[in-house]
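A.B. asks: Quick one: the structure is below, questions incoming.
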């Protein structure tokens, strides 16, 4: 067990850091400091916390309501325990929290390939499905990409192809200590939103989808504190990405500040569709959808992928004084060219071939 340490506050000195003091702070409805949150996660990631303490922490934090400082402390701890990817931070991630239970096709995964094919390097961080039929890792496997690669292999993929995938269990092995308590309590907690904040490549830009309406501004706040350029989004139909069935809420993170607005896809020439037109299936079904998309199939799925790819491109480039709609319109043209030129299909084939070779040589 780590030795307890005292925490100074404006009102005096808090009790030494122990689980009773941290849990007592939360159950009293008071916020943790960045360092206190980091201490708690360090204990969890070091296997120094019991299942009861982990479960109590997740539930108490959820009931109080998480702050950007708390999420930042937890995420910083996770990154401190993670395996590092040796790439510079001039990359973008396109990722969602999951948990929207919509069972749509893998929009963010397809968008990641489109963005990478446009020449912007992508490091995607993801996992297998938790509440859906197909997660990002599942569909990439079905597309022929080997996902169990280590840091050096992922970095090589980024250098040679322009995209890499960090499979969460490989890069955050210590998170397994929280697995059983999370499963036992059976409700979403802060652990469900940490994935998009803990990409081991530490990208400077991102399109981050958040399925939980009460946490979207908190996630945006963490990214602002880090100085990232990002769009943090939630479809007003509940999707953890930009939707084409209705409007989306968009938190624009730039220069350490957050601005919030609504986006209607019709304002950039994308028709609204029924959410049913974006539904998918298991990994094999969704992989077939991706292959048809990259072969030139048009329709609602293409529109949704282009919209999210455009948003990631806008987050990477920055708005630069443009309106969100203007930045997205520029990104749409770039994304469409990635598909129509065959670049996205070619990139996928090259990536699958490279990862197969790397996996064989491990």
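Just so you know, glycine gets a Cβ as well, placed from its N, Cα and C.
In case it helps, Swiss-Prot gives these features for our protein:
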BINDING   96, 99-100, 104, 106-109, 124-132, 136  5-phospho-alpha-D-ribose 1-diphosphate binding site
BINDING   96, 127  anthranilate 1 binding site
BINDING   108, 241  Mg(2+) 1 binding site
BINDING   182  anthranilate 2 binding site
BINDING   240, 241  Mg(2+) 2 binding site
A.B. asks: With DSSP assignments reduced to helix, strand and coil, which class does residue 104 (5-phospho-alpha-D-ribose 1-diphosphate binding site) get?
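C.D. replies: Going by the DSSP assignment, residue 104 (5-phospho-alpha-D-ribose 1-diphosphate binding site) falls within a strand, counted as strand.
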A.B. asks: Just counting, how many other CB atoms are there within 10 A of the CB of residue 182 (anthranilate 2 binding site)?
C.D. replies: 19
A.B. asks: Cβ-Cβ under 8 Å from residue 127 (anthranilate 1 binding site), same chain, 6 or more residues apart: which ones?
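C.D. replies: Residues satisfying the criterion: 98, 135, 136, 137, 167, 168, 169, 195.
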A.B. asks: Using C-alpha positions only, work out which of the binding-site residues 96, 104, 128 is nearest to residue 240 (Mg(2+) 2 binding site).
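C.D. replies: Closest by Cα distance to residue 240 (Mg(2+) 2 binding site) among the binding-site residues 96, 104, 128: 96.
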A.B. asks: On a count of neighbouring CB atoms within 10 A, which of the binding-site residues 125, 128 is highest?
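C.D. replies: It comes out as 125.
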A.B. asks: Quick one: pull the CA-CA distance for residue 108 (5-phospho-alpha-D-ribose 1-diphosphate binding site) versus residue 241 (Mg(2+) 1 binding site), whole Å only.
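C.D. replies: Distance between the two Cα atoms comes out at 8 Å.
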A.B. asks: Listed binding-site residues are 125, 128, 182; which of them have CA atoms within 10 A of the CA of residue 241 (Mg(2+) 1 binding site)?
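C.D. replies: Those near residue 241 (Mg(2+) 1 binding site) - Cα within 10 Å - do not exist; the answer is none.
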A.B. asks: Taking the Cβ of residue 104 (5-phospho-alpha-D-ribose 1-diphosphate binding site) as the centre, count every other Cβ atom within 10 Å, in any protein chain shown.
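C.D. replies: So the Cβ neighbour count for residue 104 (5-phospho-alpha-D-ribose 1-diphosphate binding site) comes to 24.
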A.B. asks: I'm trying to understand the geometry here, so how far is the Cα atom of residue 96 (5-phospho-alpha-D-ribose 1-diphosphate binding site) from the Cα atom of residue 182 (anthranilate 2 binding site), in Å to the nearest whole number?
C.D. replies: 19
A.B. asks: Write down the Cα-Cα distance for residue 182 (anthranilate 2 binding site) and residue 104 (5-phospho-alpha-D-ribose 1-diphosphate binding site), rounded and given in Å.
C.D. replies: 24
A.B. asks: Return one of helix, strand or coil for residue 125 (5-phospho-alpha-D-ribose 1-diphosphate binding site), based on DSSP.
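C.D. replies: Assignment for residue 125 (5-phospho-alpha-D-ribose 1-diphosphate binding site) reads strand.
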